[in-house]
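Read through the structure below, which is laid out as structure tokens, and then see the notes.
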Amino acid sequence: MSIWPGKKKSNHIVALKVLFKSQLKQSQVEHQLRREVEIQSHLRHPNILRLYGYFYDQTRVYLILEYAAKGELYKELQKCKYFSEKRAATYISSLARALIYCHGKHVIHRDIKPENLLIGAQGELKIADFGWSVHTFNRRRTMCGTLDYLPPEMVESVEHDSSVDIWSLGVLCYEFLYGVPPFEAREHSDTYRRIIKVDLRFPPKPIVSSSAKDLISQMLVKDSSQRLPLHKLLEHPWIVQNADLSGIFRG
């Protein structure tokens, strides 16, 4: 897969995501791509990367995407090691609004993580990859997403709903503030065990406020029905005190 900047006739810069049909077939992800195109092309939100359309030839599929000028969030996180509380809160608030919009359209993302987030020209965060997303007309049992970000119900292969995105957002908030995901372990089996037990620990360094820890603790709850709803997240004192409502971090 390659991504290239290009131009539409209007001189509007776009990105081309180039996928090889042979690789899609070999990995058995053609249905995933169709789903990504179907879902992302219908979403319109400032914190969701636009998919303008697609075309293909004999060997490749080309997705025409909004160009996110400041690149990949995970590279920024690697560079900074961890984010300030104001930056983390601004990003989490933006993503919560985007996910409220998605859930209102009956779309669960299921794979929120730094690698699937891009930064736009103004510094706004954009959800970029909808390869694992699904319409919520039926509950799902599929295991998908990234191990460190999987909620207990997906690790245990039981039915899940849109609350999986609340869990992933909680994991993301923790990683923003500490630089590592909360249930990371050397062995996959230990990560699974820590997720199922919700073995949540807050290290002494870097120093993180009790209010931020409280928010994370309310999102990373095993019983999915007890997780803090996204609209309540936006009212949480840590978000209210730290997030820039424009969604743009000005550091």
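Every residue gets a Cβ built from N, Cα and C, even glycine.
Going by what TrEMBL states, the ATP site holds E66, Y67, A68, E115, N116, D129, and the candidate of K17, K21, K197 recorded there is K17. Across K17, E66, Y67, A68, E115, N116, D129, which the record gives as binding ATP, the greatest C-alpha separation is 17 Å.
Among the recorded positions E66, Y67, K113, E115, N116, the residue whose Cβ has the fewest other Cβ atoms within 10 Å is E115.
Per-residue pLDDT, averaged across the domain 'Protein kinase' (1-239), gives 87. Candidate recorded positions: D111, D129. Fewest other C-beta atoms within 10 angstroms, D129.
Each residue contributes its Cα atom, and for A68 (ATP binding site) and K113 (SUMO2 cross-link) these two points are 17 Å apart.
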